[in-house]
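Okay, structure first, notes after.
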């Protein structure tokens, strides 16, 4: 059995779908469907079982009631960078992750988990080393603390433990994320609504629309996760991004190019994000390449075109957008 926590979420559901494409249906999805609209992400997937997150946790504590597990993809987390309830964040992203990791270590189950580029704060260097890690928000801190916990354990681990610092992921099955959905998704919806495409104006030394991120298409994220499952001798903490940062304006340009229409409107940078916003990110993926992963990453133009084609072919998912 393969366990995917957060399996009805953005990255988790894409992993489930990719496992199905490999012929795997012996999948246990763990999630919290309080936001019931997330179900659409796994409606076209084949799984063996579903467990609520709290039920799954109780079975971990009891050390019973779970099947034999081949691998765990731990994608379940509170991923809202604007959430400032530190207790909630640490309970979900740190304590829960520790419990699951130790369950896996005790049974020598490969454990692949979601970290985040948010651990680096405002950079400007994005290398998997302590001196570059300065999170700007409690979400980034929760991910950083778990990475630190993993670092202490890795030398003694007798089974695979691999964490992936996701940079700016976009792609299918993210419509439930509301404000945390990607810029590509938001701009697509603005075009459909006949609105101008809104980007932040000048801020932090960057011209309007030129704040820059290492955008990574969901297919690439899934490919890396599955590669590590197939290479269980590889452990560590790895940046997961193309190492090719592009400005937000390139996203807008790709959306306009796909639709054949649209106009950019620059809006004032919001006060609530000042001091807690990454204006530039770019993965150094040397460790990922050194581990042996050699597939190319999608460019923004390539990824956005694929994504918007998927949205156009699956218009029903917009009915499940979180308001």
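Quick reminder: no glycine exception, Cβ is built from N, Cα and C everywhere.
Taken from Swiss-Prot, the feature active site, proton acceptor covers 139 (among others), and the record attributes it to sequence analysis. According to DSSP, residue 139 (active site, proton acceptor) sits within a helical segment.
Annotation source Swiss-Prot lists active site, proton acceptor at 177 (among others). When secondary structure is read from DSSP and collapsed to three states, residue 177 (active site, proton acceptor) falls in the helix class.
Look at Swiss-Prot and you will find 10-11, 31-32, 38, 53, 75-79, 92, 143, 169, 177 tagged as NADP(+) binding site, backed by sequence analysis. Secondary structure at residue 38 (NADP(+) binding site), as computed by DSSP, is helix.
There are 18 other Cβ atoms within 10 Å of the Cβ belonging to residue 277 (substrate binding site). Annotation source Swiss-Prot lists substrate binding site at 168, 179, 186, 200, 201, 202, 203, 213, 277.
Every protein chain shown contributes to the tally, and the Cβ of residue 203 (substrate binding site) ends up with 17 other Cβ atoms within 10 Å.
Each of the binding-site residues 31, 75 was scored by the number of other CB atoms within 10 A of its CB, and the lowest score belongs to 31.
Long-range Cβ neighbours of residue 168 (substrate binding site) (same chain, at least 6 residues apart, Cβ-Cβ under 8 Å): 117, 182, 213, 214, 215, 216, 241, 281. The local packing around residue 186 (substrate binding site), expressed as other Cβ atoms within 10 Å of its Cβ over all shown chains, amounts to 14. If you take the CA of residue 177 (active site, proton acceptor) and look 10 A around it, the binding-site residues you hit from 10, 38, 203 are 10, 38.
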